[in-house]
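Taken from TrEMBL, the feature transmembrane segment covers A:6-27, A:34-52, A:58-77, A:89-111, A:117-137, A:186-205, A:211-236.
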Amino acid sequence: MGFQELLLSGIFVIIPLVIVVVLKLGLTKDILIASVRSIIQLLIVGMILTFVFDSDSIIYMLLMIIVMIAAASQNVIKKGVRIPGIKWIIILTLTVVEAVSMIIMLGFGIIDFIPQQIIPISGMLIGNCMVLSLLFVNKFTDELENSEEMIELILSFGGEPKDAVSRSLKSAIQTSMIPTIESQKTIGLVQLPGMMSGLIIGGAAPMEAVMYQLLILFLILTNATAASVMVGYLSYPKLFNSRLQYIGLKK
Amino acid sequence: MEIIEFKNVSHREILHNISGYFRENKITTFIGPSGAGKTTCLKHINGLLSPDSGDVFYRGENIASADIISLRKKAGMAFQSAPMLAGTVYDNLNLPLKIFNKELNQGRAVKLLEMVDLDKSFLQRKINKLSGGEKSRVSLARTFVSKPEVLLLDEITSSLDYTLVRDIERLVKKLQQEHNLTVVWITHDLAQAERVSDDIWFLNQGELLLQGPIDSLYSSSNTIIQQFLRGER
């Protein structure tokens, strides 16, 4: 596909624009901004990836992963700002999950240590962990806000912090994991997953694409579990002090 | 005899230099206008909060250095909203033991219900099917699982109608006498304080304005207390 085809794909921006204008839906500006931003962002990413792939440098590859982790962390930190210490918890979780996944995949020879494989797979893993962590911090914050008396009740019985927040913690972990599990149940029945579609369009044999997709699916499931549990278990102790008193969320 | 003593207790902007004591086997009510710091004060007794300055003593031991878990087992607390787990009455009575991986046996559970004038048929009832008064009783019964010597009650009748309020008052007085309990009871209702108290603490804007027998309230020359008695605060 070249720039000419890309220009032609502009038709698919014009069609919704016409519909939106005719029906006076008030989304014209949003569609224009979204289209322009996606063009600029993806072209920049494309150029960066070309540079990193051509340079074949480990340092550039690591830098890209660091940027991905930083951007994903920033997103989650904004949502979880009321949880004490969330900044380092998220950075640590994303880094550990990414590092462990890569060590396993490289160790077992599932992927090669080349930017063309490491970067896209890292992007998918970090992106998924980011969504999971966002779901977790949203639900956990809601749960804590609604269970302050229950938490203090359990502490008043002589319970430890872990006992006091276990219900909120479990509920937040479940909420964050359910979309991943549910989406895996129906995968391939309605739409082909993104990576698999990309490989097939790129000329790969369907079975090869399926195998790559399954690898990513299972990795994502592992990472979903690891990220939720890690964020949860690193977060809750910060809500209490050494006298087993509930400090709670930041105001 | 004093069982709990506050010495110059201050907590953030809420409590200011509180000094006072609670007599053993007596009912002391905290009264005073909203925002007086009553709940904050109560939570200092079982160590759910700690003073920024000053000390709280339990049987002469500074609770800052006491084993906090055993202190909390001795001072059972019932909260204003009677927070409950979704599940049965038994699940809720079992909660104080479940956190220590123990189980409440059925016989003891029935006895706990009988203590609060509920029969054993309540044991398997769903919490969401109980009335406000029944929930308050279950909440009270639950505080007895750890066999406390002090009962901390945070406005436990505030959402109940008058008949139920009187029932719960009679129940608490009966339990206090049968189990030789020291009760610290927050109420915003002066009439309730008159009915149940041996002693009172009158708090206003984080200051302890008066401590003593309930009668001392009426002989006080403090303007704020007089306004409160006239219903102006």
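Quick reminder: no glycine exception, Cβ is built from N, Cα and C everywhere.
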Positions on the same chain near the transmembrane segment (A:211-236), where near means CB under 8 A and six or more residues out: 83, 85-86, 89-90, 92-94, 96-97, 100-101, 105, 110, 121, 124-125, 128-129, 132-133, 136-137, 140, 161-162, 165, 169, 172-173, 176-177, 180-181, 184, 187, 193, 195-196, 199, 204
Same-chain residues near the transmembrane segment (A:117-137), Cβ under 8 Å, at least 6 residues beyond its ends: 49, 52, 61, 64-65, 68-69, 72-73, 75-76, 79-80, 83, 86, 90, 93-94, 97-98, 101-102, 105, 111, 172-173, 175-177, 179-180, 195, 216, 219-220, 223-224, 227-228, 231-232
Intrachain residues whose Cβ lies under 8 Å of the transmembrane segment (A:58-77), provided they are six or more past its termini: 48, 51-52, 86-87, 90-91, 94-95, 98, 115, 118-119, 122-123, 126-127, 129-130, 133-134, 137
